[in-house]
Amino acid sequence: MKKEYWNKPTMDLWDRLYIFEVIRGLCITGSVFFGNMWKWLTFRKGALTAYYPEELRADYSSANRGRHLLTTRADGKVQCVSCNMCATVCPAYCIEIQSAADFNDPFHPKSPDRFEIDYSRCIFCGFCVEACPEDAIRMSKDTPNFPGFDRENMWATQDLLMNWQPASDAAKSYPGSGQAHQEVHP
């Protein structure tokens, strides 16, 4: 036996057919389609596919996170102390650090022997920058051309991360960046 509820809405035949809702949905879809079609016919920008190599996106947010940078100390060595906090907090597991001991330096007994970031896995979340206790890793605001045809070019080594200078970044000055700004691609 089917239960009857006291607050059950009663629907007549017109409500159960949903004709009004179907027509309303078709009107919304049609208006968006024909609006975009009109923009396309009049050579204005509509909600169409951007053809990547020919059309580059220029409307990035001011809070955009770009390529990673390793800061350096006054003596030219990397500021990283190989604590692995950035690699631990990374949700994509794209940072690989291999530590080396330097017993001659009493203030920085550990330094990275190998520091690499796999950009094919990086999601540019910025957690590594927030987790670093030494402010050794930063992210530029530039949007360099990342896509490539092989995965070897998607790995950023320690030398590249230390020597790559962003073309423009008004957020902070970078320690040890007395050179002219130049862009170095992997």
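Keep in mind that glycine also has a Cβ here, set from the backbone N, Cα and C atoms.
Computed from a predicted structure; not experimentally measured.
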Please state which member of C125, C132 Swiss-Prot lists alongside C80, C83, C86 for binding [4Fe-4S] cluster 1.
C132
Given Swiss-Prot annotates C122, C125, C128 as [4Fe-4S] cluster 2-binding, which of C27, C90 belongs to that site as well?
C90
Binding-site residues C122, C125, C128: which have a Cα within 10 Å of C86 ([4Fe-4S] cluster 1 binding site)?
C128
Need the DSSP three-state call for C83 ([4Fe-4S] cluster 1 binding site) to compare against my parser.
coil
When the pLDDT values for the domain '4Fe-4S ferredoxin-type 2' (113-142) are averaged, what is the result?
92
Around the Cβ of C86 ([4Fe-4S] cluster 1 binding site), the count of other Cβ atoms that are within 10 Å:
22
Which of the three DSSP states, helix, strand or coil, fits C122 ([4Fe-4S] cluster 2 binding site)?
coil
